[in-house]
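What TrEMBL says about this one:
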COMPBIAS  1-14  compositional bias 'Basic and acidic residues'
REGION    1-31  region 'Disordered'
TRANSMEM  69-88  transmembrane segment
DOMAIN    69-200  domain 'EamA'
TRANSMEM  100-118  transmembrane segment
TRANSMEM  130-150  transmembrane segment
TRANSMEM  156-177  transmembrane segment
TRANSMEM  184-204  transmembrane segment
DOMAIN    222-350  domain 'EamA'
TRANSMEM  224-242  transmembrane segment
TRANSMEM  254-273  transmembrane segment
TRANSMEM  285-302  transmembrane segment
TRANSMEM  314-332  transmembrane segment
TRANSMEM  338-356  transmembrane segment
Amino acid sequence: MRPLDDTGAAKRQDSGLPLMDIRTPSSRQEPAAAEVVETPGPGGCWQCPSSPCGSRAQQAEKKAPCPGLGLFYTLLSAFLFSVGSLFVKKVQDIHAVEISAFRCVFQMLIIIPCIIYRKTGFIGPKGQRIYLLLRGVLGSNAMILLYYAYQLTSLADATVISFSCPVFTSIIACIFLKEKYSPWDALFTAFTITGVILIVRPPFLFGSEVVEADKDYSVHVKGALVALAHAVLAAMTLVILRKIGTSVDYILSIWYYVIFGLIECVIVLSILGEWRLPHCGLDRLFLILIGMFGLGGQMFLAKALQIEKAGPVALMRTMDVVFAFIFQIIFFNDMPSWWTVGGSLCVIASNTGAAIRKWCQSTK
């Protein structure tokens with residue numbers, strides 16, 4: 001699961017997974033394998049529409065995208081998000097709020113020209129401004145919490161717990177959007193809760209030996225709870241994005257996320273007195289790459305949702321967890337415990353089941 005980055009409208013809940021927050025209005029319609037395009041009348045053709053030609057075709061088929069291209073974009077997006085998370089974990093002596101601030105600054109430099117080019121304005125439709133405001137505040141807080149979780153606990157644990165977002169999305173959507181909460185949703189919720197419990201390993205269930213065996217157990221629990229809070233806020237963000245629908249350009253949604261995130265980060269850093277540039281040049285490079293890879297992941301995810309159905313994209317998004325395990329082993333020499341592996345399988349099974357169910361419903 002990413003910073004809904006999370007952080008963008010691409011992470012659509014109807015996929016069953018916390019997809020981050022970017023999706024164009026046109027991407028809500030599933031593209032057909034081939035689109036029918038009108039051709040000139042009997043007296044013309046594509047090469048010479050104003051003059052008679054031997055071509056009498058009335059319709060022509062537009063070539064479909066390369067098969068599997070959307071899944072490749074999703075895989076690339078998952079890789080970029082995971083690399084960005086790796087850099088967050090590698091940055092030393094920089095507060096998670098400051099990392100979030102740098103990412104907001106970098107994305108702002110990209111978003112402002114896009115808004116000017118698309119002529120969407122910087123405020124949005126009058127009836128949607130309150131929802132955009134909530135989207136910006138909740139989305140930015142979700143990003144900060146996720147970065148903080150990466151700093152407190154292992155990369156794999158934080159990533160897996162963040163993928164519990166769909167469970168909370170279903171519950172919140174049922175409460176506020178009156179969406180149906182089926183027995184299948186309850187089953188997926190049970191799987192996710194089981195996975196989170198296996199990762200956190202509370203002493204009242206697993207005994208005091210767990211605490212004694214892990215010297216950093218208290219920090220681990222704190223990081224797990226922070227990641228869980230991120231999942232809740234990310235779910236609320238997705239519900240708001242569903243409420244907004246196609247009435248607001250997705251670029252404007254990201255703008256609210258970036259501007260309110262930056263304002264909040266500056267205020268918090270001023271209160272904490274944590275604002276400072278990293279002394280190490282490598283950390284400065286990491287801060288830049290966090291913004292680049294985060295934005296790149298959002299763009300490829302948005303592109304994937306434009307040419308591929310949400311179900312397969314949601315299934316491929318679980319590769320975030322696989323990359324997190326690989327990076328944790330390679331770069332931190334930290335072999336995940338069997339508890340983490342079991343919890344990950346439960347969460348992945350829950351997300352996979354939800355995605356397949358949504359996929360089957362959309363094809364009926």
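Using N, Cα and C of the backbone, Cβ positions are placed for all residues, glycine too.
Predicted automatically and left uncurated, TrEMBL annotations should be read as such.
Within the model, the domain 'EamA' (222-350) carries an average pLDDT of 85.
The transmembrane segment (254-273) makes no contact with the transmembrane segment (156-177): fewer than 3 of their CB pairs lie within 8 A, with pairs spaced 6 or more apart in sequence. Between the transmembrane segment (184-204) and the transmembrane segment (338-356), the number of CB pairs under 8 angstroms, six or more residues apart, is three or more, so the stretches are in contact. In the domain 'EamA' (222-350), helix, strand and coil residues by DSSP number 111 helix, 0 strand, 18 coil.
Sequence-remote contacts of a segment are chain residues at least 6 beyond its ends whose Cβ falls under 8 Å from one of its Cβ atoms, and for the transmembrane segment (130-150) they are 2-7, 21, 85, 88-89, 96-97, 99-100, 103-104, 124, 158, 161-162, 223-224, 226-227, 229-230, 233-234, 236-237, 240-241, 243-244, 248, 252-253, 256-261, 264-265. Within the chain carrying the transmembrane segment (69-88), a Cβ under 8 angstroms from the stretch's Cβ atoms is held by residues 2, 20, 96, 99, 147, 150-151, 155, 158-159, 286-287, 289-290, 293-294, 296-298, 300-301, 303-309, 312-313, 316-317, 319-320, 323-324, 327, 331, all 6 or more beyond its ends. Outside the transmembrane segment (156-177), and at least 6 residues removed from its termini, the chain residues within Cβ reach (under 8 Å) are 1-2, 4, 13, 16-18, 82, 85, 146, 149-150, 185, 188-189, 192-193, 195-196, 199, 220, 223-224, 227-228, 230-232, 234-236, 238-239, 242-243, 318, 320-321, 324-325, 328, 336, 340, 343-344, 347-348, 350-351, 354. Residues of the domain 'EamA' (69-200) grouped by DSSP class, helix first, strand second and coil last, total 110 helix, 0 strand, 22 coil.
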